[in-house]
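Lifted from Swiss-Prot, the feature list:
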- 51: active site (ACT_SITE)
- 125: active site (ACT_SITE)
- 26-163: domain 'PPPDE' (DOMAIN)
- 176-201: region 'Disordered' (REGION)
């Protein structure tokens with residue numbers, strides 16, 4: 001009886017499909033930053049005051065505070081968030097989400113995380129990264145990242161007021177915002193030469209951006 005066999009070309013095609021499927025899985029990292037040098041001591045006790053950002057496709061997104069009812073989500077250079085001290089990067093898992101889908105997801109999620117709703121205990125940067133991590137990998141972030149917030153929920157006076165008002169609101173010196181906020185560009189001192197599709201907010205030369213500064217928005221860029 002004649003039994004059909006797969007040709008070498010079809011086999012190689014299947015192998016390419018499998019390899020492309022594997023290549024489509026992108027690592028997801030949690031980039032952890034210190035808010036204070038005290039973390040060098042607290043870290044060994046399983047606690048600390050940490051800021052975190054989520055990284056995939058060489059894009060890192062974070063969540064910070066400001067006083068406006070607009071998104072507090074912003075994009076930074078991976079592992080280099082201004083105003084914070086990078087500590088370590090944690091591999092959380094992988095995602096099959098494409099770069100364009102990842103960016104679209106972050107833009108949609110940014111509407112939920114307004115700068116004026118940031119709360120150090122109930123809705124901070126680590127809550128944001130955990131929601132993203134659950135969506136992308138199905139796993140939560142490590143418990144030690146946000147442990148102090150859980151402890152602080154039982155003791156609101158746990159953290160100094162100075163840390164609450166400054167450290168959690170550090171934002172990058174150049175922040176991007178979306179097309180839909182083009183009407184706000186004049187208020188944020190954006191030059192007309194930068195075009196209508198992408199705008200950058202120039203922040204004063206200092207590491208910490210306080211709550212009275214301009215609102216932050218994501219940018220909608222063309223994906224190659």
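Cβ atoms are placed via backbone N, Cα and C, with glycine included.
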### Query
How big is the Cα-to-Cα gap, in Å, between residue 51 (active site) and residue 125 (active site)?
6
### Query
So what's the mean pLDDT when you look at the domain 'PPPDE' (26-163)?
88
### Summary
Taking DSSP H, G, I as helix and E, B as strand, the domain 'PPPDE' (26-163) contains 47 helix, 40 strand, 51 coil
